[in-house]
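Only one structure is covered here, and it is reproduced in the block below.
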Amino acid sequence: MPGVIRFLTRRRGGDRWHWTDIVTWVWLIGGLIIMFGPAVWLALSSFKSPAALSKFPPSLLPYVTQEVQVDGFDKPLPLYEVTLPDGSTAVMAEKRRIGIIAQMIDPEDPETVVKVNIQDREPVEMVEFATSNYSKPFMQFDFLRYLWNSVFVTVMATVITLAINSMAAFALSKYQFRGQSLILIIIVGTLMVPLGVIMVPLYSIISTLGLFNSLWGVILPTVATPTGVFLLRQYMLTIPDELIDAARMDKASEWQIYWRIVLPLAAPALAVLAIFSVVWRWNDFLWPLIVLSRSSLYTLQVGLNVYAGQLNVQWHYILAMTVVTMIPVILVFVFLQRFITRGIATSGLK
Amino acid sequence: MSADSSRQRYTLSGLSFAVIRPVMGLIDIPLRALQRVGGQTGMAAFFILPNMAVFTIFVLVPFVINFVYSMTGGIEIFLNQRDFVGAYQYKEIFSCADYLEPATCKQDGFWTAAQNTAMFVVLQVALLIAVSLITAVILNREIIGRSFWRAVFFFPVLLSPVVVGLIWRWILQRDGLLNAILFELFGADQFNWLVDRTAAFAATIGVSIWAHMGFYTLILLAGLQAIPKDLYEAAEMDGTPRSRVFWRITMPLLMPNLLVVLVLALIRAVQVFDEVFVLTGGGPGTSTMYIVQYIYEMGFASELRNPGLAAAASILMGAVLIVLTLLQMAAARRNEKKGAN
C-alpha cells in the first residue's frame, strides 16, 4: 500500500513526505467521503425496511430479522439466538413476549416453551434489500404521474428554450438593426433578476393568463432565459459572416441560413445550454411549488417535498423516491460531466 | 472521440431527413414570403420576436409591475382589485425602534429574515470561498486523476435542492448517521441537530456549502490553471518558500477570479431558499427563516397573506442584488482590462 501511494503521488522534497502532500491526500480522501458519502448513505438506506430504518445506531447494510413459519401459528415468528440458562445456545422462535421475559419455542418442537430474559438473546439477521420501497410507491402514490410531469416540463422547456434562445441569439449576432444594443442591455441587465424578486407579480400574470395549476405555467416563465441568449450569442459571434454571405449568394433564405448553417455550427454551445436546461428544469422547486396546487400536477420535486413534510414521514418510501429523482442527474453527471465543467469554466453558467 | 461524434452526426442526420428537414422546409415557405416583404434585416425582428415576447410577459412586465404591487394593500392577488396605498408597505417595514432588534419592529418577520439572511450570507460566503479555494489549490497540484477529483467535488452541484435537503435531513435527524458516528466514536448522546436553533443554522450553512462549493472550485481552478507556469519555475529557481510563492504569485494573479467568485457567491447566498426550506422549513422557530422564504410565505403560503408587503420585501432584496450585480460588472470589466494589457 505505501508503494502504491508513493507511485500515485508526486511529492515535494524528494523521498520525504512534505506536509502539503499529506494535507492534499487527507483533503481529497475526506472530500471523496463527504461529497459521495451522503448520497451513498441515502441509497443504502433506501433499501431498508421501516424496522431497520428506525434502529439506532443504524447498520450499513439493510438487515432484517429472519422469520420462520411454525405449525399452529398464523404469522411467521422471528428467530433469535438464545443463550439458555445452562450456558448453551440455540436458535429459537419467539412465541410471545411479556415485559422483559420472552417465551421461546424450538421451531421443530413448538410444544415446549422456554422462558428467557430478553437480554439473553440476539435476533438472527440477514441482509435483504427491501425493493418494495421502490415498487410500492409507484402503485400507491402518484409517483408515476409526478415522474411524467417532471419529464414533460423538462423536455418541453428545454426544446422551447433552445429554439427561441437560438433564434434570438442569431438575430443579435448576425444582423444590425435599431434597438439591438438596447435589447442586449436589457438582457444582460436581467441576467441576475432572480425568481425571488418577481414571483409575486409573476404569479398574478400566470393566474391572469389562466396558467395557474397548469404545467405550462411552470414551463413558460423559464424558457426565455437571458443566460441562454447571452451564451449562444457569444458563440455565434465567432461564426464567420462570410459563410452567411456565401449562402445568400446561393439564394438561401434567412430561415435556411439559421437552421442549416448557424445552428449546426453552434451545436457545442447548444449542447451546453441543453444540458443545463435539463438540469435546471428537472431540479426546479420554488416556482412549481407556487404554480401547482393540485397534486395530480406536482412535479417530482414538489411531490417529494409534500410527502416528506407530512406528519408521519414514511421515510422508507421517501428515500427510495429521492433515489429515483437523483438518477437522471447522476446519468447526466456520469456521461456529460466533461461538457458541464468545460461549460462552467468558460462561461460561468449555472 | 472522433468515431463517437461521427456516429452522433449520422443518427442526427437520419432524424433530420425524416422529420426536421421536411418541417423546416415547410416553415420556410411562408418565411420566404415574409422575407420578400420585410427584407433581410426585417427577418431579424422575426427571429428575436418569440424570445422577446416570452421575456417581456414573464420577466420584464413582472419586474415593472412589482413596483406597483409594492404600493398596494389588501390580500387580493389581482392588481385591479388592490387599493393603492403609496409608500405604506415600505413605511410598515421601516417602522422599527431598533433595526437590530427584530422584536421592536412592526414587521418583525421581515427583520428576523433579513438578519438571518445577513448572518447566513457573511458566514456562508466566507467559508464557501475558503473551502473552494483550498480545494482548487489542491486540485491544481500535480495529482493523479485530477479530472476524477474535480468531478468528486462537483457532484453535489447537479443534485436538486430537494434531494440535497432530504439527504441531509436524513443524516442529521435524531436516529441519523451523524449521531451514529458520534456515538460510535465518542459515545455521544443523540442530539437533535435540526431542532436546536444554533445547530440548525449551522446546518443550513454547511449543507449549502456542500451543495455549491464544486461550482466555485471549478471557476477558481480555471483561474489557477491560467497562471503561467514559468512564474512558479522562476520562484523555485530562486528558492522562494512555498508560502511566499502562494501569497506573492498565486493570490495576486487569482484576485480577479476570486472577486468574481465572491460576488457570485454573495448574489446566490442572498437568495438562499430551496434546500433550506426542505431541510428545516425555516425552523426551529424562525432561526433559519431567510428572506426568500419570507417573501414566499407572505405572498402565497401564510394565513396572514400580504402580497403588497411581499412585493416590497422583494424589491428591497432586488435592490441589494442590483448593487451586487453592478459590483460584479465592475469586477468583470477590471478583468477584461487586465487581460487586454
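Glycine residues also receive a Cβ, built from the backbone N, Cα and C atoms like all the rest.
Lifted from TrEMBL, the feature list:
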DOMAIN    B:114-328  domain 'ABC transmembrane type-1'
TRANSMEM  B:43-69  transmembrane segment
TRANSMEM  B:118-139  transmembrane segment
TRANSMEM  B:151-171  transmembrane segment
TRANSMEM  B:199-224  transmembrane segment
TRANSMEM  B:245-267  transmembrane segment
TRANSMEM  B:308-327  transmembrane segment
Any chance the transmembrane segment (B:43-69) and the transmembrane segment (B:308-327) are in contact, meaning at least three CB pairs closer than 8 A with a sequence separation of 6+?
yes
Of the listed stretches B:118-139, B:151-171, B:245-267, B:308-327, which one has the most C-beta pairs under 8 A with the transmembrane segment (B:199-224)?
B:118-139
Counting only residues 6+ away from its ends, which parts of the chain sit with a Cβ under 8 Å from the transmembrane segment (B:118-139)?
146, 149-150, 153, 201, 204-205, 208-209, 212-213, 216-217, 220-221, 223-224, 246, 250, 258, 261-262, 265-266, 269-270, 272, 290
Chain residues outside the transmembrane segment (B:245-267) and at least six past its termini with a C-beta under 8 angstroms from it:
121, 124-125, 128-129, 132-133, 137, 212, 216, 219-220, 222-224, 227, 231-232, 235, 321, 324-325, 327-328, 331-332, 334-335, 338
Would you mind listing the long-range same-chain contacts of the transmembrane segment (B:308-327), meaning Cβ under 8 Å and 6+ residues beyond its ends?
66-67, 69-74, 82, 85, 88-90, 92-93, 107, 110, 263, 266-267, 270-271, 291-292, 294-296, 298-299
